[in-house]
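Chemist: Sharing a structure, written as structure tokens. Questions coming.
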Amino acid sequence: MNRAPLKRSRILHMALSGTSDPSGDEAGSEEMPFLLRALQIALVVSLYWVTSISMVFLNKYLLDSPSLQLDTPIFVTFYQCLVTVVLCKGLSILATCCPGIVDFPALRLDLRVARSVLPLSVVFIGMITFNNLCLKYVGVAFYNVGRSLTTVFNVLLSYLLLKQTTSFYALLTCGIIIGGFWLGVDQEGAEGTLSLLGTVFGVLASLCVSLNAIYTKKVLPAVDGSIWRLTFYNNVNACVLFLPLLLLLGELQTLWDFAQLGSAHFWGVMTLGGLFGFAIGYVAGLQIKFTSPLTHNVSGTAKACAQTVLAVLYYEETKSFLWWTSNLLVLGGSSAYTWVRGWEMKKVQEDPSPKEDEKSAMGV
């Protein structure tokens, strides 16, 4: 249970730096001057924050802008997946042509691998679709609370699917998150801004994010442990599976009747959204590479707090004290869970098998 984050960080090191042993990078970073190292970390964290927050606000514009008036959330998600596929293939070609300049794995569409990745792709489609549908129906300020149950689902599914137990302190932090979620829903309702449909989509998005993390570990061997190959196949499968949904939901006809279909501004914003969707995976991995999985989670929590404040200011909203309390409970519970899990991992590493020590002392 405690080795998964370490394994994932190694995989990200391999994917981003082309090496199978991240320890060499760590040794090199220790020799780097402190100020330069701190500047690097600050730049990477800032890049992650700017990319993530910009992506959320841009997607909100595409999904629910009064000036755009485009009601095609599935097409927006499909187009972003298509942009990711094109970018992955383009970078793969560049890496082949310029091996010393661009570092990216070779990508070739293998139908057998695509079939192996398909179960994860279904979960992936649910994750990105429900994320966008949640954002369409709820405000950016409530978006973080609406999708805050991911940690709770991680604990629940780890027990149900992987038979992994969770400590009392970690369960206590999950209770804090659940309390914050319910208080946030209550306060949105009290202010008359609650979207029940958007909240349901947020819960489903949280469930899919958790399932995606679990199934990613199972599917990675099929793509030789490469995050970028997995990204490529996930998005290829998603593009194919979205096509019948576009037809069934009538979004192609809606798009055909869209007044700004021929607008360069519209397609530019759509493509920029796809670029941000692709970039967030890279900068998240970069942040883990330059810091740690634990620091990445803390940074994500702090980013969510900044995003909420920015949304309230940008949309000129007025929120009650209890509404802000719900956000603090969610963010505090998430931070506490991250700290507890990090402390437990460190404890296991320092004292991996206390029972063995006890047996030795007893002469067994």
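Note that Cβ sites are derived from N, Cα and C of the backbone, with glycine treated the same way.
Just so it is clear, the model here is predicted, and its values are computed rather than measured.
Sharing the record's features from TrEMBL:
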DOMAIN    40-322  domain 'Sugar phosphate transporter'
TRANSMEM  34-57  transmembrane segment
TRANSMEM  77-101  transmembrane segment
TRANSMEM  113-130  transmembrane segment
TRANSMEM  142-161  transmembrane segment
TRANSMEM  168-185  transmembrane segment
TRANSMEM  197-215  transmembrane segment
TRANSMEM  227-249  transmembrane segment
TRANSMEM  264-285  transmembrane segment
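Map the listed features onto the structure and describe their local environment.
Modeler: Through the fold, the transmembrane segment (142-161) approaches residues 1, 56, 131, 134-135, 170-171, 173-174, 177-178, 180-181, 184-185, 188, 193, 198-199, 201-203, 205-207, 209-211, 213-214, 304, 307-308, 311, 326-327, 330-331, 333-334, 337 of its own chain, all at least 6 residues removed from its boundaries and within a Cβ separation under 8 Å.
Residues 119-120, 123-124, 126-127, 130-131, 133-134, 136-138, 143, 146-150, 152-154, 156-158, 161-162, 185, 188 of the same chain lie 6 or more positions beyond the ends of the transmembrane segment (197-215) yet place their CB under 8 Å from a CB of it.
If one looks beyond the transmembrane segment (227-249) by at least 6 residues along the same chain, the residues whose Cβ comes under 8 Å of a Cβ in the stretch are 11-12, 15, 74-75, 77-78, 81-82, 84-85, 88-89, 92, 104-105, 107, 109, 113-114, 117-118, 120-122, 124-125, 128, 216, 219-220, 281, 285.
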Chemist: Restricting to the domain 'Sugar phosphate transporter' (40-322), report the mean pLDDT as a whole number.
Modeler: 92
